[in-house]
Amino acid sequence: MSERHGVLETWPTGKDVTHFEDGVKYQQTIPENKNFARALRIADEQGITLSQPRAGVALLDEHIALLKVLEQECDLLPTTIDAYTRLNRYEDAAVGIQKSLEAGTSKLNGLPVVNHGVAACRHLTESLQKPLQVRHGTPDARLLAEISLASGFTSYEGGGISYNIPYAKRVTLEKSLRDWQYCDRLIGLYEEHGIRINREPFGPLTGTLIPPFMSHAVAIIEGLLALEQGVRSITVGYGQVGSLTQDVAAVKALRELSHDYFHQQGYDDYELSTVFHQWMGGFPEDEAKAFSVIAWGAAVAGMAGATKVITKSPHEAFGIPTAAANAQGLKASRQMLNMVRDQPFPACRAVDLEVELIKREVRAVLDRVFALGNGDIARGTVLAFEAGVLDIPFAPAACNAGKMTPVRDNAGAIRILEPGAVPLPDDILAMHHDFVAARASVERRPASFQMVVDDINAVSHSKLIGRPE
Ligand SMILES: CCC[C@H]1O[C@@H](n2cnc3c(N)ncnc32)[C@H](O)[C@@H]1O
């Protein structure tokens, strides 16, 4: 039995996509203004920042109603997939649908696209006017990809690292990287039939004090793995850390490094865009304070020249936002994006130094990943995680070393308290040490894990740096 046949058999709705050509034919009926890749290409050419929320509820009609509210305020639409579907637990998703019907409200934290199937999801994509993307967190996303793409979604988030390490405990990288090569190959097949589907590695990872160089390394690896399979529209992403100069530098470095590595590997016929995720850590409960965090994220995304910003809502501290709250986050973000649109962040020495630092750090890590894989990027990635060369702070995955410990410096930038086995050059390690020591002396306390804990809680307590009381 072919792999594809096996994938389609894992749930009855797999029958809906038996003939790949049917999905291609359907995608050819979608007007170009609803193609996600095209919208990003145009925005990037124009140098504007598009806005996109996260959103997903259990039942189809409610999800359509939700997206109709949001599409008034955003440029690009999501469909967030529920947690059961992300773990291929379609039976549990079916129970969640039933419970939602009985309760008259969503009992799932996203739309169970696999359970709903192609006909229903085509009704969804046809009901909306803006490009739609599937956002999820699925280590084995093969069936979800088959059904989503045949249903008219034109962008697919995730990757074999970014949807495993932060989202799963016991899924091996060998398996998730291989399953994501299937997803990328499927999108490569759509590309060969003239349908351009956008791919967006999940930049923020655990969203907890991730040093820019580490998330950039993962984004570039997943971009290369996608290019290898024929994907040609790639959005690399980054989660805001809250330091203005580090965030502006991170977006600049991410774009430039992605081009460097994609060209180095022989690709030049791709479209690249960047996405900036508004603060992914803990939020203040007070809605006015939450709007401040949201607006700060929008301001920096715009000034940094990100192609897209993923917005938050004033309900972030509580859970899934109502449509109204989600729309408020979009409106606050749009206001700010409009106000910063004509004032890109000016070139300055602090940003330039941070760009150079991030570039050196990314190169040190990726050089080792490529060396370990001896030219095979997927294999190098598996070995790099085993060796702790790639190491994602606070990730649940058993295959992640969890040795590298981040902490903020005295100005709020993310630095390294403990490098673990991440192969940074000695002079850079010394620089991180000095950054952290300077904060320790100002705070008159030793550099310690307590600082890390204080930083994790800082934003929800209306600060950026977790200073002692
Ligand atoms: C990247 C995942 C974390 C972020 O994703 C948001 N999120 C998750 N599920 C939904 C949903 N069903 N609707 C709207 N936002 C959602 C959370 O709030 C958080 O910001």
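Including glycine, each Cβ sits where the backbone N, Cα and C put it.
Going by TrEMBL, these are the annotated features:
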type	residues	note
BINDING	Arg54, Arg86, Arg135, His136, Glu157, Tyr163, Tyr167	L-glutamate binding site
BINDING	Gly56, Asn109, Pro166, Phe283, Lys312, Glu316, Ile320	adenosylcob(III)alamin binding site
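Positions of TrEMBL features highlighted on the structure.
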| residue | record | CB count, 10 Å |
| --- | --- | --- |
| Gly56 | adenosylcob(III)alamin binding site | 24 |
| Arg86 | L-glutamate binding site | 24 |
| Asn109 | adenosylcob(III)alamin binding site | 17 |
| Arg135 | L-glutamate binding site | 21 |
| Glu157 | L-glutamate binding site | 27 |
| Pro166 | adenosylcob(III)alamin binding site | 22 |
| Tyr167 | L-glutamate binding site | 23 |
| Phe283 | adenosylcob(III)alamin binding site | 22 |
| Glu316 | adenosylcob(III)alamin binding site | 24 |
| Ile320 | adenosylcob(III)alamin binding site | 18 |
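Of all the binding-site residues given, namely Arg54, His136, Lys312, the one with the smallest number of surrounding CB atoms inside 10 A is Arg54. Put simply, of the binding-site residues Arg54, Arg86, Tyr163, the one whose Cα is nearest the Cα of Phe283 (adenosylcob(III)alamin binding site) is Arg54.
Listed in chain order, the extra residues whose Cβ falls within 8 Å of the Cβ center of the L-glutamate site residues Arg54, Arg86, Arg135, His136, Glu157, Tyr163, Tyr167 are Thr80, Ile81, Val134, Gly137, Thr138, Gly158, Phe202. Put simply, the two farthest-apart Cα atoms among Gly56, Asn109, Pro166, Phe283, Lys312, Glu316, Ile320, the recorded binders of adenosylcob(III)alamin, are 20 Å from each other.
For the binding site of L-glutamate, formed by Arg54, Arg86, Arg135, His136, Glu157, Tyr163, Tyr167 according to the record, the largest Cα to Cα distance is 17 Å, rounded to a whole number. Ligand 1 lies under 6 Å from the Cβ of none of the binding-site residues Arg86, Arg135, His136.
Counted within 10 Å of its Cβ, the other Cβ atoms near Tyr163 (L-glutamate binding site) come to 27, all protein chains included. Asn109 (adenosylcob(III)alamin binding site) and Tyr167 (L-glutamate binding site) have their C-alpha atoms 15 Å apart, to the nearest angstrom. Closest to Arg135 (L-glutamate binding site) by Cα-Cα distance, out of the binding-site residues Gly56, Pro166, Lys312, Glu316, Ile320, is Gly56.
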